[in-house]
Structure formats: structure tokens, C-alpha cells
Amino acid sequence: MAWCLVFMVFLIYCLISTVGLPVAPADEAAMQLGGVGGGRLSVEPSDVMEASLDFGRLTSAEPLAVFHPRGAGDVAALVKAAYGSASGIRVSARGHGHSISGQAQAAGGVVVDMSHGWRAEAAERTLPVYSPALGGHYIDVWGGELWIDVLNWTLAHGGLAPRSWTDYLYLSVGGTLSNAGISGQAFHHGPQISNVYELDVVTGKGEVVTCSESNNPDLFFGALGGLGQLGIITRARIALEPAPHRVRWIRALYSNFTEFTADQERLISLQHGGRRFDYVEGFVVAAEGLINNWRSSFFSPQNPVKLSSLKHHSGVLYCLEVTKNYDDSTAVTVDQDVEALLGELNFIPGTVFTTDLPYVDFLDRVHKAELKLRGKGMWEVPHPWLNLFVPASRIADFDRGVFRGVLGSRTAGGPILIYPMNRHKWDPRSSVVTPEEDVFYLVAFLRSAVPGSTDPAQSLEALERQNREILEFCDEAGIGAKQYLPNHKAQREWEAHFGARWARFARLKAEFDPRAMLATGQGIFDSPPLLAES
């Protein structure tokens with residue numbers, strides 16, 4: 001093992017030296033990159049082990065080394081060295097390690113740890129800027145910055161906040177922008193990738209390219225939702241808005257799926273400027289369960305809402321989840337607005353549950369649940385998550401085939417989200433693949449396997465088997481679903497995933513990462529694509 005380590009360090013030394021970057025030993029298992037801001041290359045077993053795992057805990061792949069950059073120049077120098085090497089060493093960016101199936105891993109390559117970059121220090125962060133041309137504020141952030149830190153910073157400097165969110169805020173900016181970034185605000189603001197003005201991207205050639213809708217648009221839109229295939233996002237210019245002070249958070253139960261989805265779709269169709277909710281989600285609940293789930297602490301632990309009390313509604317239930325934002329100027333009308341909006345919905349009478357909390361507490365709700373699960377040793381367990389975009393025209397078939405078919409009452413293991421989005425809020429020039437209907441649903445099976453559980457339904461094997469059954473049903477029934485945070489095993493499956501957009505994606509890959517070195521953990525390209533394929 002020792003000789004492998006020596007060879008590995010020597011190999012990386014040679015790679016870096018070929019582009020003129022001086023290297024000096026730091027300790028027995030790390031080296032310092034000089035002249036580019038202090039990036040550090042580590043082969044410490046603890047660093048390598050951490051980079052070989054992710055949140056999913058489903059796969060493991062050890063890199064040769066982990067690189068800790070101080071800025072985009074460091075990232076570019078490393079990628080340029082790898083690009084110029086004889087074999088084209090694999091390079092993957094890692095934010096907070098929240099991938100599910102090894103997407104940010106780099107077996108036998110180098111993982112770039114983006115979590116401690118040059119904007120991660122408060123003294124080096126930029127302040128929000130008002131742009132008359134854009135008609136609003138924005139902020140430039142490091143690609144490895146966590147969204148929770150962006151939120152806290154912008155709130156403290158102008159009472160501002162990003163417009164679009166994910167449910168969990170301890171994710172990196174570059175990570176979510178490489179996928180899409182969605183939550184209950186997406187029906188109105190679009191995903192996070194629709195709320196970005198500009199990027200700096202380190203391409204697979206080691207070049208730092210600034211791009212936007214009008215400047216290098218192919219790279220800009222290709223990188224947004226591009227699964228890290230075209231480059232590493234080192235800077236993002238994020239749209240901001242004035243942050244509300246408080247949130248009225250409401251849940252209501254349905255037993256009729258058609259009424260549930262009709263109400264959801266009506267709510268996301270309401271126009272801005274009129275009376276509407278600011279966030280629309282929902283989830284599936286087994287009749288013997290609780291309306292609470294690990295994603296939030298909606299109710300007091302001393303007073304949970306037991307669904308078994310709904311004696312006349314057996315089987316699968318559906319929970320609508322909405323919020324209304326307000327501040328001092330609108331506090332006097334929030335009750336009236338909520339009452340009017342709820343008055344047009346068809347939930348089960350007597351099943352409306354409401355709470356009120358600060359805006360930040362609502363956005364950070366999942367983290368509070370994370371802390372509880374960590375305390376019980378239930379956070380770092382396998383997470384065989386499955387996220388699907390389902391066209392609205394087939395969501396009723398999906399309900400019959402999956403919620404009432406494959407799953408039945410076996411919904412243990414974690415929440416199952418379901419909520420619609422408006423396709424016109426997604427820019428078709430991005431790399432994200434969605435169903436080609438005006439409205440489509442996210443259906444997210446966010447289950448956790450419980451090691452040592454006496455319930456076989458909560459085992460990893462059982463949950464992965466259910467995932468396969470769900471995907472098989474979608475294929476056999478022609479549902480037309482597309483995976484979000486996709487996980488495919490072969491290039492032909494990726495070609496089917498992208499469909500008519502594959503040729504463009506392969507062309508962009510050949511242009512910006514011609515040696516196919518970046519984000520190989522995604523498993524998209526078996527070999528470097530040829531420009532002729534476009």
C-alpha cells in the first residue's frame with residue numbers, strides 16, 4: 001500500500017509540474033500547490049474516505065487524491081494538468097456530498113472539495129448588488145457555498161434572499177445548479193437554474209469561462225442542469241428579492257387523488273399579483289401513519305396528528321402543503337387571503353392544520369429534522385432515493401399503478417413528495433430533461449433503509465426492489481416519466497433519457513470536456529464523444 005501512495009503522489013506531482021506549478025511537500029500524505037492561491041492536494045486517508053462516500057451510502061469509489069482549492073484559478077490549474085496528462089485523469093467536483101449514487105465520485109482520479117473555497121470566508125464574500133438593468137438585486141457566490149450560508153448572508157446585508165429554493169439548504173450552489181434545484185416555489189419562480197444571471201465555469205480543458213444568456217450561452221445553459229459534464233461551476237450570480245418576515249404554513253388532507261391534484265394544479269395556475277400561495281407541495285401518507293415526517297416538525301411532538309383518527313378514510317391519503325408569506329405591511333390581510341384560497345379547495349373537512357413561523361425557520365425546516373435523526377444515528381444510513389418527473393396527463397395512472405399498486409400501504413421509510421410545476425418556468429435551453437407537457441409533477445421517494453430493522457420492508461434490498469418495480473411500471477405503462485437527479489447504468493440508457501436532446505448534449509460534451517474527464521461518477525459517457533455525433 002505504501003508504494004501505491006508514493007507512486008500516486010509522484011504521478012500527481014508530475015501532472016502539476018507539466019503546467020509549471022511548483023509543488024512542495026506538506027506532510028507525509030499531502031502536498032501544497034504553490035503560485036495559484038494556496039490550493040492543497042491531499043492523500044490523507046480521512047479525506048480520501050470522505051470523498052469516496054456520499055449521502056446515498058449506496059456506492060463507494062476511492063479517488064487518488066482530494067484537492068482543496070482556494071479559488072477558481074486553483075481548480076483551473078488542476079483540471080488543466082489532468083487534461084494535459086497522458087491518460088486524462090478523472091476530476092469531479094464535490095460540494096456537500098449530498099449525491100445519492102456516487103455522482104460526485106472520481107474512482108482513481110481527483111475529487112475537488114469545493115466546500116472551502118475563497119468565498120466561504122465571510123470576510124471575502126461579496127455584498128448584494130442592485131442592477132437597474134436587471135431590475136433587482138443579485139449576489140455573486142462561490143460554487144461550493146451552501147445555500148444556508150447564502151441565505152444568512154443576504155438577509156444580514158439588505159434583508160434579501162434568493163427567490164427559488166430546495167427543501168434542504170445544506171447543499172452547495174454549484175451542486176444544485178448542476179441539477180436544477182427545486183422546491184415548492186418552483187411553480188412560480190422556476191427552479192434555481194432559472195434564477196441565475198451569470199456563471200464562471202472551469203471547463204474540461206482547464207479554462208475559466210464567464211458565461212451568461214448573452215455571453216457564451218451554449219456553456220451557460222449547458223452547465224445549468226448539466227450534471228457537471230461540461231465544467232465545474234466556481235461562481236454563480238444569483239437573483240435576489242426582498243425576504244418576507246413570516247410564513248403561514250398550512251396542510252390539508254385528501255382521500256380523493258383527482259381532487260388533490262386538481263387543487264394543486266389550480267393553485268399553481270394563479271397569476272402573480274393576485275391572491276395566491278407562495279409555495280405548493282404535497283405528499284403521500286399511509287392511513288396508519290402520521291402527518292408529520294422527518295422533513296419537518298410541523299406539529300408539536302406532544303400533540304401529533306394521528307391519521308388513524310380519520311376513521312372514514314382508509315387507504316392512501318394525500319396531504320396538500322402550502323404557505324403564504326407575509327411581513328408587517330401584509331399581516332392584516334394574511335388571514336383573509338388564506339381563508340379565501342382555502343375556501344375554493346376540496347380537502348377533507350376538518351383536516352386543515354396551520355402553524356406560523358419566521359421565514360428562515362420555514363426554509364430551514366429539514367435541517368432541524370436532520371439534527372434529530374443524527375442524534376439517533378439515523379442520518380448516515382443508505383438512502384435509495386428515486387425522483388421522477390411525471391407528466392400531468394399520466395399522474396392519475398401513476399397513482400393507480402404505484403401509490404395504490406406497487407406500494408399499497410408500504411410507504412414506510414420516509415416521505416413521498418408529489419407536487420406540480422409549470423414547464424414555462426423552465427428554460428428549454430438548459431440541460432435538464434423534463435416531460436414535454438405544460439404541467440408535470442415531481443414525485444420523490446425519499447426513503448431511508450434502516451440497518452438492523454426487524455421490518456423487512458425497510459431494508460435496503462426491499463426499497464431498491466420497489467424502486468425497480470416503479471421504474472418498470474412507468475416503462476411498461478408508457479408513463480413518459482423522466483428521472484430527476486438521474487441514475488442510469490449505461491450510455492444507451494442516458495441516450496434514452498435525453499431523447500432528442502442527446503445529440504446537442506454530446507456535442508457540448510465534446511466541445512467543453514473533449515477527454516470526458518469530468519464528473520465520471522454520473523456514468524454518462526463511456527468514452528469521449530465525437531463531434532461527428534452531433
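Just so it is clear, glycine is given a Cβ too, placed from its N, Cα and C backbone atoms.
As given in Swiss-Prot:
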- Ala93, Gly95, Gly97, Ser99, Gln103, Asp167, Ser172, Ser178, Ile182, Ile233, Tyr484, Gln522: FAD binding site (BINDING)
- 59-243: domain 'FAD-binding PCMH-type' (DOMAIN)
- Asn152: N-linked glycosylation site (CARBOHYD)
- Asn256: N-linked glycosylation site (CARBOHYD)
- His98: pros-8alpha-FAD histidine (MOD_RES)
- 1-20: signal peptide (SIGNAL)
Separation of alpha carbons, Asn152 (N-linked glycosylation site) and Gly97 (FAD binding site) (Å): 21
Rounded Cα-Cα span from Ser172 (FAD binding site) to His98 (pros-8alpha-FAD histidine), Å: 9
Largest tally of Cβ atoms lying within 10 Å of a Cβ, found at which of the recorded positions Gln103, Asn256: Gln103
Where Tyr484 (FAD binding site) falls in three-state DSSP terms: strand
Neighbouring C-beta atoms (10 Å sphere around the C-beta of Ser172 (FAD binding site)): 27
Cα-to-Cα gap, Ala93 (FAD binding site) vs Asn152 (N-linked glycosylation site), nearest whole Å: 24
Alpha-carbon spacing, Ser172 (FAD binding site) to Asn152 (N-linked glycosylation site), which is rounded to whole Å: 14
Residue pair Asn256 (N-linked glycosylation site), Ile182 (FAD binding site) - Cα distance, angstrom, rounded: 26
Top Cα neighbour of Asn152 (N-linked glycosylation site) in the set of binding-site residues Gln103, Ile182, Tyr484: Ile182
Per DSSP, three-state class assigned to Asn152 (N-linked glycosylation site): helix
Per-region confidence, the domain 'FAD-binding PCMH-type' (59-243) (mean pLDDT, whole number): 95
Cβ atoms near His98 (pros-8alpha-FAD histidine) (within 10 Å, other residues, all chains): 20
DSSP-derived structure type at the residue listed as 'pros-8alpha-FAD histidine', helix or strand or else coil: coil
Among Ala93, Gly97, Asn152, Ile182, Tyr484 [recorded positions], residue with fewest other Cβ within 10 Å: Asn152
Mapped DSSP class for Asn256 (N-linked glycosylation site), helix or strand or coil: coil
